[in-house]
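The domain 'D-isomer specific 2-hydroxyacid dehydrogenase NAD-binding' annotation in TrEMBL covers 105-277. The feature active site is assigned by TrEMBL to ARG227. Under the heading active site, proton donor, TrEMBL lists HIS275.
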Amino acid sequence: MEIIFYHPTFDTPYWIAELSKQLPGANVREWKRGDNQHADYALVWHPPVEMLQGRDLKAVFALGAGVDSILSKLKANPEMLPESIPLFRLEDTGMGLQMQEYAVSQVLHWFRRFDDYQAQQQKSEWQPLADYQREDFTIGIMGAGVLGSKVAESLLAWGFPVRCWSRSHKAWPNVKSFAGADELGEFLRETRVLINLLPNTSETVGIINLNLLNQLQDHSYLLNLARGVHVVEDELLQALNSHKLKGAMLDVFSREPLPQESPLWQHPRVVMTPHIAAVTRPQEAIAYIARTITGLERGDHVSGQVDRQRGY
Ligand SMILES: NC(=O)C1=CN([C@@H]2O[C@H](COP(=O)(O)OP(=O)(O)OC[C@H]3O[C@@H](n4cnc5c(N)ncnc54)[C@H](O)[C@@H]3O)[C@@H](O)[C@H]2O)C=CC1
Ligand SMILES: O=C(O)C(=O)CO
């Protein structure tokens, strides 16, 4: 079995060595420009079109959870990967735990009013504030998929009321489930902390706009862990400046790196990280890919296949 690997920044020799260990019958090689030799599987992130085009592959694996970048490249170059070749993505592989760490730490930061105490400290002000109550701190998770479910689990464990919104209803214990455009308003009405874990699709671009933010509880918070294009950044600033939103923590931006001139950098109630909420963990990802390839070779049903029509 022949496997080609391409990632612009990963430690390619490590990946090749580990994949070779876990798939003993496979010959794994780094794809380099000009390599037209046969391959059964391709493991990729931001692949050049010529890497995939015209190949008779059994499957392609995206080396991340979101497949928006590869699907947008496919839209511009449909011949890069015919529909008959399945595309897989990473399901969790250690990203769920990282999202839990991120979400829990920031929700607790807001809940314990550390943002207010930081602002007071800057004014040398010693002033205990009233506690927030959990019943006024409903967490609303948009995108109830692999990562959304992990985040919901972790916040339930801290005793917060949790609700989720997705395409179809979920039967998760102790989580109120809302689905589709018809139930979005009801989902938002009681949400105090909105956590975004939607995929980037034509239906979700710009979904977090002023109209949506205005439907949240007053003095709400936004945690964007998914993609920058979900948020209309000017409208987010309007919601912050009107104090409809008390704070926002953003891991992702419509342009990355965030341009120096963006007012988000300096906003006193915005905190940010440079797209690190959950990164691909090589060991877990390699184990998942090896397991999935083994399953595909046996003809088993395996999970993680992207529905290209749906866009995730
Ligand atoms: N910031 C970061 O470091 C990372 C960000 N991500 C982002 O997180 C996203 C989610 O990842 P997973 O949970 O693995 O995806 P998933 O595919 O398991 O879950 C997606 C969820 O969104 C819902 N959804 C999709 N379209 C919808 C629509 N139009 N209306 C309502 N609900 C809709 C689906 O029903 C599903 O519940 C990825 O697509 C990626 O963009 C993923 C990993 C790291
Ligand atoms: O896996 C993804 O989709 C990511 O955004 C990784 O940072």
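Even glycines carry a Cβ here, placed using N, Cα and C.
Calculated from their C-alpha atoms, the gap between HIS275 (active site, proton donor) and the residue listed as 'active site' amounts to 9 Å.
Model confidence over the domain 'D-isomer specific 2-hydroxyacid dehydrogenase NAD-binding' (105-277) is summarised by a mean pLDDT of 98.
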